[in-house]
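Structure first, then comments.
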Amino acid sequence: QRALPSEREARVLLDSYVRQGLQARRGHEQLIRLLLQQGKCPEEGWSESTVELFLNELAVMDSNNFLGNCGVGEREGQVASGLVARRHYRLIHGIGRSGDIAAVQPKAAGSSLLNKITNSVVLDVLRFTGVRSVSSCFVLPMATGMSLTLCFLTLRHRRPGARYILWPRIDQKSCFKSMLTAGFEPVVIENVLEGDELRTNLEEVERKIEELGAENILCVHSTTSCFAPRVPDRLEELAVLCAKHDIPHIVNNAYGMQSSKCMHLIQQGARVGRIDAFVQSLDKNFMVPVGGAIIAGFDENFIKDISRMYPGRASASPSLDVLITLLTLGANGYKKLLAERKEMYGHLAQELSALAERHGERLLHTPHNPISLAMSLTCLQTHSTAAVTQLSSMLFTRQVSGARVIPLGLEQTVSGHTFRGFMSHTDAYPCPYLNAASAIGITRDDITLCIKRLDKCLKSLSKEAPAEKSESGSPAEDVDDQTVP
């Protein structure tokens, strides 16, 4: 960079204009320099022009963008569509090498730097959101379920004789299938009902350890973020048990990064006991497209082992998406979103409680769940069994997405294992209920509109049910035994 313009530039522009332009560019470059030096999420968000300047600087470091480059290999970053190239900012080579997803590619210095910077920035975010002692992490271009599978496969090399995974029940198929895909036998630990909440059965976990033998157990697979009335597992107690019996502990923290309570549980679990790795989704926590996850932990060597387990190179898209998002938001912007989500949780609870009271229902008391809420549907069930399942379809067709209606008595077989009371996290929860969550990005308008439409649906169903009974002499037949996803 030159402090003064050349003679040719001086003839085109006045010196003062050139100096002003250089000064403006240095402002962008200073932000980039600080990012590279510190490896932390900037306090204040960048402008789009700064983000694009940074990405373009990275792209020109990849061999496919070299002027005069001659590629004669099978993977040289050729792209047939200009639209595709622009979508990826011409960062075509992906991340990692065939033996390690964290390794540097000699012909893709820009993409490799992107990978390193993203992992460093995400590590900083993990720390300021609550897990202060986390030592290492990396972004993986697979969603939560497959990322959990990779953790289990890595543990296989450390515990080759282990066969079982202890799993406090959560009715979410990908969690269950992540263990089966890795070739292990899940041992389902049924939850215990405490008030309205479903909580970890610690006595059963300890009994299974004694029954199966600690050496035959690959790990304990626990959960933080979940649908009410289930609440986050007792992570501290589980971590102590794992440390006592020398059993690894993997935590599914899918959308727990947005909750200070979930992150505190992980920090405390690692402090008092053992947590080997915790996995979180990119799309649920950072509002980016589906397809990425963060694997993090407190033993840098173990996290490196997981990254080496990934076969081949990987897509850079999830890393690119989350880096752009965090640079645009900045640490303060992301913290603001987390604070707004927490505020909206209180507002949603208040509105849902008032609605429940108007319809003779109640908001289930689940204080240990910081994200999800549940409202009973007992009165609706007494009107008509069909009305409960019909409510789910009505909400979906009225563009209320994310709400889950849980009827009684559902059975679901997942890879040969039958779950009674599926979706309720227990064999027989006392009542049917409706779930709603205050997740990152939710707005007051979302809540207002949801409550308004839910209110109309409940009024409609309450009126229809008695009419159906009087005409047929019995409740309407349940023709839809599955809830809308």
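Cβ atoms are placed via backbone N, Cα and C, with glycine included.
Among the features that TrEMBL reports, pyridoxal 5'-phosphate binding site is placed at Arg75. Under the heading substrate binding site, TrEMBL lists Arg97, Ser98, Gln105, Arg313. According to TrEMBL, the tRNA binding site annotation covers Arg271, Arg398, Lys463. Per TrEMBL, N6-(pyridoxal phosphate)lysine is recorded for Lys284. The region 'Disordered' annotation in TrEMBL covers 463-485.
With a 10 A radius on its CB, Arg313 (substrate binding site) counts 21 other CB atoms from all the protein chains. Cβ neighbour count within 10 Å across all protein chains ranks Gln105 highest among the binding-site residues Ser98, Gln105. Same-chain residues at least 6 positions away in sequence with a Cβ under 8 Å from that of Arg271 (tRNA binding site) are, in sequence order, Ser133. Taking the Cβ of Lys284 (N6-(pyridoxal phosphate)lysine) as centre and 10 Å as the limit, one finds 22 other Cβ atoms among all the protein chains shown.
Every protein chain considered, the tally of other Cβ atoms within 10 Å of the Cβ of Arg97 (substrate binding site) stands at 17.
Each of the binding-site residues Arg75, Arg398, Lys463 was assessed for Cβ neighbours inside 10 Å, and the highest tally belongs to Arg398. The separation of Lys463 (tRNA binding site) from Gln105 (substrate binding site), Cα to Cα, is 65 Å.
Within the set Arg97, Ser98, Gln105, Arg313 that the record links to substrate, no two Cα atoms are more than 10 Å apart, and one pair reaches that distance. Within 8 A of the CB centroid of the substrate site residues Arg97, Ser98, Gln105, Arg313, the other residues of that chain are Gly94, Ile95, Gly96, Gly99, Asp100, Ala103, Gly312.
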